[in-house]
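Below is one structure, written out as structure tokens, with a few remarks after it.
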Amino acid sequence: MDANQIAYTANERAPAVPQWLNKGDNAWQMTASTLVGIQSMPGLVILYASIVKKKWAVNSAFMALYAFAAVLICWVLVCYRMAFGDELLPFWGKGAPALGQKYLVIRARVPESRHRVTTDRYETTVPFFPMASLVYFQFTFAAITLILLAGSVLGRMNIKAWMAFVPLWLIFSYTVGAFSLWGGGFLYHWGVIDYSGGYVIHLSSGIAGLTAAYWVGPRLKSDRERFPPNNVLLMLAGAGLLWMGWSGFNGGAPYAANIDSSIAVLNTNVCAATSLLVWTSLDVVFFGKPSVIGAVQGMMTGLVCITPGAGLVQPWAAIVMGMLSGSIPWVSMMILHKKCSWLQQVDDTLGVFHTHAVAGLLGGLLTGLLAEPDLCRLILPTETRGAVYGGNGGVQFVKQIVAALFVIAWNVASTTIILLVIRLFIPLRMPDNQLEIGDDAVHGEEAYALWGDGEKYDPTKHGWHTSSYSEVTASSRFVDGARGVTISL
Amino acid sequence: MELPSNLIPDEASPEWMNKGDNAWQLTTATLVGLQTIPGLVILYGSMVKRKWAINSAFMAFYAFAMVLVCWVGWGFRMSFGDKLVFFLGKPGVALDEKFLLKRAFAGYLPTATMVFFQSVFAAITVVLIAGSLLGRMNFRAWILFVPLWFTFSYTIAAFSIWCPQGWLAKLGVIDFAGGFVIHLSAGVAGFTAAFWVGPRAEKDRRNCPPNNVILMLAGAGLLWMGWSGFNGGAPFVASTISGLAILNTHVCTATSILTWLLLDSLFFGKPSVLGAIQGMITGLVCITPAAGVVQCWAAIIMGIISGSVPWYTMMVLHNKVKLLKLVDDPIAIFHTHAIAGGLGGILTGFFAVPKLCRLFYMVTDWEKYLGLVYGLQNGRTPAGFKQMGIQIAAMGFVIVLNVVVTSIICWFIGLIVPLRMSDEELENGDDAVHGEEAFALWHEGERLVGRRHNNKVYDTHEFSFVESKGEVQMV
């Protein structure tokens, strides 16, 4: 390296640092990707594993871990360019591999984002970092969408059916949403606002999850009736990674370490905090006690709700959004759900419909109300403002509704078709004998081996137990001394 | 051209320092630090039988701290400083601001950033060795082992392969982020030490389920995502290569996991989470010597190989080779690090792209770096074979260095303290060694068994012996 070169120069002769590369932006983008990756692995992996009943801990974690790995391979093989590449249809890009260094080391570019700024000037999204950083960043979003979807079908989906489902849903649903709203598709050019994935990620996974839960069928009755989290502290660890990682989720969306990114990070945390407090307050008012799990749900809805507007709304608006996201999904989950017989029929294990579909839709609509024009001007293609700011803001609100309807309809349809196709070859739900036993039957593993000398639980050795907290046990026909057993009713 | 005000240097941000690079390097160093603290600490703690949870976590925790102190005391300059001999630098402190605020030996970074970045690599190497010794090594012996091995093995490998003045670096070895220096080294040293220390108690070898699979996944997750820092920080610049390195890292890992899962499902009928984690580790290890200098499609191929070859050596070959069965390697560090690391080094010799090597090394004689595939393709076959030869020579050097040095160190320590725990300690586990237990979940949060070796400083009250039968309550 030439010792005479200074660190910043228009004439820096370093082949790995071309003229278009801004190190601050690249560093931040890679950091943001890592943060979002951590949200999934281990964030959601351990959150799922610890929020479910102990017998499903390993299976739930496994579904998430598998999805993370499988999505990455499909992403670089074909899906990145289906979501961010050249146009095939107004709602879909042409798939192609993103595997060669010729493609990955050049400047990042979203070709179909090209839009007119003035009569003779066009602009395309061309960040100051290489394609590889963008491919990886967008992968982490695709992965977490699939993992969120899994949350609706925990505790009974046939693992082989899940393995087939992940690449299919990624190809036929996620890429469509991503291209339409982010990759330069029709909704993007029409001017719909989805800053960081309220529709692409959350509304999408919430609706698809509910649909999948319908087709896969419910958990065992005994599981539905009693499903306590097996490790609250570890759940909080996962929730913590999820919350802090969101700085990458919303902070990385402008593709630069700029002022909009800073506002986004601040808004994200403000909304999450407000939402958590409102949800907890509602819990205290209606149920008497503040619950930590409720607090986590409130944190989640706040994070989801701010996502479509994080870099585009004022922080006071983020507080308003937090109040609404801490209450409206609370009402839908705790009150409306119990009154709607149809919702009661569908077994959505973690309530992903409420925390992601409802909160995501809420966020998208609120963004249509509260998007501040100066902030919008920083990163959006067309003159945009929320309804509260007058002008063409009312139209913006309508656009948000229309986009939501598209995402909902597409997800219901595609998820249904995919599952019906899979069902021709693989049963969607586990067989009853596996449902009875849980992890041990599906994976040959159990989450904990804490008893006696550090062994798995074995009633013949560690004693039958009764208490007001745990289930009444009886002699189980599934006892197998060396490998541990789960109690069945 | 006049620079905008945010780029104008001042005394705290000298003209040779790039803020983006410095920010990125500090981030990557932190990510790698997180891989050990708490990554490997909780991975080890939860992967072992419950009675060894604390001891395993503690070995990792202690090692990280000890290495950091040794690093600034003498290790950094032995690994990256002025040449003493062709394989080692002159020891010296890295402790005063005059030294630390100067520009680093590479990159637009201050030395302090470089010292910290390199320290977390040294630390994790030693922690990896602990993985081979879990569940029976005398803790005092481990206390001595850490600074000795670090001083007499790690520094030599690091200087030879990474310091521009090291003999293997001069020959043209490619070890992007530590396939040889970290993984092959730790795998071989761990295996050698495990041989000398001896096995766990027979009861522990037979029955050793992980005590907390979810926590194990938490540790594994930090390990995986932290690798963005491990490989992303290797170029010392937030460049195109660091972005590519990160992408390649995760692609290889994902492929490796899926391959391992496939093999597990085919041969054992069930996909297992522990298998997925092993596949994850082999993928990460294998891509490490190559991450920023191979194509992404090559990363997929490497993932398929790293998900299958170590699977084969671990599940099939291990049961057929007497030496492997003799040595007790509780979490298969030899297979996941020595085998996968060596494999990665060889595959690097295959797939290293000349152009990417030019972007990474940024030296005038970059043409000496050449994967065999490209040598054959460009009619430079002898050069391609030379690269492969250098990779293999480096492998041989690291293996011999570690077998010899680790053995001498174990012999030396054995003169002072026993290497293996006493039978009583082996029987009782954490409580005997540390006076602590990992979990207090029973009844109203009490310990499971009576305290026979009270740790008076941290304990608040005695517990009476609680029968495990009939009283255990899982809430």
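Note: Cβ is positioned from N, Cα and C throughout, glycine not excepted.
Residues annotated as transmembrane segment in TrEMBL: B:23-45 (among others). Counting same-chain residues at least six beyond the ends of the transmembrane segment (B:23-45), those with a Cβ under 8 angstroms from any Cβ of the stretch are 53-54, 56-57, 59-61, 64, 107, 109, 113-114, 116-117, 120-121, 123-124, 127-128, 130-131, 134, 212, 215-216, 218-220, 222-223, 225-230, 232-233, 236-238, 242, 331, 438.
According to TrEMBL, the feature domain 'Ammonium transporter AmtB-like' maps to B:23-438.
According to TrEMBL, the feature transmembrane segment maps to B:52-74 (among others). Within its own chain, the transmembrane segment (B:52-74) is flanked in space by residues 36-37, 40-42, 44-46, 91-95, 115, 118-119, 122-124, 126-127, 130, 133-135, 137, 139, 142-143, 146-147, 150-151, 204, 211-212, 429-430, 433-434, 436-439, which lie at least six positions past its ends and keep a Cβ under 8 Å from the stretch.
When Cβ-Cβ distances below 8 Å are used as the criterion, the transmembrane segment (B:105-130) is approached by residues 16-18, 21-22, 25-26, 28-29, 32-33, 35-36, 40, 44, 56, 59-60, 63-64, 66-68, 71-72, 75-76, 79-80, 94, 99, 142, 145-146, 149-150, 154, 158, 163-164, 178, 181-183, 185-187, 189-190, 193, 230, 233, 236-237, 333, 337 of the same chain, each at least six residues removed from its ends. According to TrEMBL, the feature transmembrane segment maps to B:105-130 (among others).
Residues or ranges marked as transmembrane segment by TrEMBL: B:142-162 (among others).
Annotation comment: TrEMBL describes B:174-198 (among others) as transmembrane segment.
Look at TrEMBL and you will find B:210-230 (among others) tagged as transmembrane segment.
Among the features that TrEMBL reports, transmembrane segment is placed at B:236-263 (among others).
Long-range neighbours of the transmembrane segment (B:284-312) within the same chain, counting only residues 6 or more positions beyond its ends whose Cβ lies under 8 Å from a Cβ of the stretch, are 174-180, 182-183, 223-224, 227, 230-231, 234-235, 241-242, 244-249, 251-260, 262-264, 278, 335-337, 339-341, 343-345, 347-348, 350-353, 356-357, 360, 369, 371. Annotation comment: TrEMBL describes B:284-312 (among others) as transmembrane segment.
Away from its own ends, the transmembrane segment (B:332-353) comes close to residues 128-129, 131-132, 174-176, 179-180, 182-188, 190-191, 278, 281-282, 285-290, 293-295, 298, 301-302, 305-306, 309-310, 313-314, 318, 324, 369-374, 387-388, 390-392, 394-395 of its chain (Cβ-Cβ under 8 Å, at least six residues beyond either end). Taken from TrEMBL, the feature transmembrane segment covers B:332-353 (among others).
Among the features that TrEMBL reports, transmembrane segment is placed at B:392-417 (among others). Sequence-distant contacts of the transmembrane segment (B:392-417), counting only residues of its own chain at least 6 positions beyond either end whose CB sits under 8 Å from a CB of the stretch, comprise 138, 140-141, 144-145, 148-149, 152-153, 156-157, 160-161, 168, 171, 173, 175, 180-181, 184-185, 188-189, 192-193, 196-197, 342, 345-346, 349.
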